[in-house]
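Colleague: Could you have a look at this structure, given as structure tokens, before my questions?
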Amino acid sequence: MLPSHLNGHSPLARRRPRLSAASPPAAAGESPAAGAGATSAADSLEEHDRIYFQSYSHIGIHEAMIKDRVRTDAYHSAIMHHKKFIEGKVVLDVGCGTGILSVFCARAGAKRVYAVEASEIATQACEIVKANNLSDQVVVIHGRVEDVDLEEKVDVIISEWMGYMLLYESMLPSVLFARDKWLKPGGLILPSHATLFMAPITNPERYEGSVDFWCDVYGIDMSALVPLAKKFTSEEPSIETIGGENVISWPSVVKHINCYNFTVEEFKCITAKYKVSSMMLAPIHGFGFWFEVEFNGPQESCHNVPSNLNPLEIIQKKRKRSSEDMVLLSTAPEDEPTHWQQTILYFPDPIKVKQDQTVEGSVTVSQSKENPRFLNIHLECSTGGHTLVKDCAMR
């Protein structure tokens, strides 16, 4: 895998080698076309997808995901929770990877599982299915879900589509495509709902280690590097693990997604306003983003989380849901760490706030025109007479 960004946590290091925004070198035996700059948008998109799916052929990606017990146990628990619905039914696994979720579904009694995988790991998935004597139940299909042709409609769609900051990788549109084309009315989608949260965070140790460090290096004044360090620290989102103690306000909801009716058009650009109060006297070093997903049936309560809900009520509802007979996968700072960690947008300079001081603004998350797998993030923040506008890309 390529060198990572900021303490070993590249936005692209979640599951794969870093994807370059630049055009890849020509393959062996090929030469760049004279009109390379005029490559069509369709060809460009196809190339982005080729690089994206190629990255999922790396075994390390799948090892990291499967070893994340919070993630894998949640999916297994969700499948067993809906066992009665799955038994005797047809399942579509979108982006099956090694096929582990397909095997879970087959063992839960599914009549047939279509395991669709666009990367070369589909070859090993097929072998895994055979090794576990499930070839009569699980059909591995090598290709994009947008391109495959199934023999029948399905009763269940399952997919682990979530990326950093929930939306990164833009895999959800593929699940929505499968829903619209292949899912029977009243069918089950796992996960069914997802919520993206944000909150101001303080992280003096991280800031001191990356920025203030340069003020005194072995007794040498290297403060001339501080401006560069600030730029490097804040120019891209950082993927790292923070704790509940780093979060200085109740979280605000950026977006609640109901996978039964959410649309691809809605996915392209998401904007939300926030207004929170600091719970302590501390410097704000940036904003943290995390998500949670639920595994509900089509007839079950949607557990909608309105964006105007009192932040305290959000947490209370979450704690109540966690104690109910349902499955919740959370990547929140106060919960058990996952391979998704949290996504942090650092400021070049911290903003000091007092207890109960209002912090407000807006955030817009949109698909990049450069590469739809990437995200563009626009953040506006105002507090105590300070105003900050931040634009960054998650590549």
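Glycine is treated like the rest: Cβ placed from N, Cα and C.
Since the structure is predicted, the reported quantities are computational estimates derived from the model, not experimental observations.
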Colleague: Given 1-40, 201-240, 281-320, which one carries TrEMBL's region 'Disordered' label?
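Modeller: In TrEMBL, the region 'Disordered' feature sits at 1-40.
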Colleague: For the domain 'Protein arginine N-methyltransferase' (324-381), would you mind checking the mean pLDDT of the predicted model?
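Modeller: A mean pLDDT of 96 is what the model gives the domain 'Protein arginine N-methyltransferase' (324-381).
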Colleague: According to DSSP, how is the domain 'Protein arginine N-methyltransferase' (324-381) divided among helix, strand and coil residues?
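Modeller: Split into helix, strand and coil, the domain 'Protein arginine N-methyltransferase' (324-381) gives 0 helix, 32 strand, 26 coil.
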Colleague: Using DSSP, what is the helix/strand/coil residue split across the domain 'Protein arginine N-methyltransferase' (193-298)?
Modeller: 31 helix, 44 strand, 31 coil
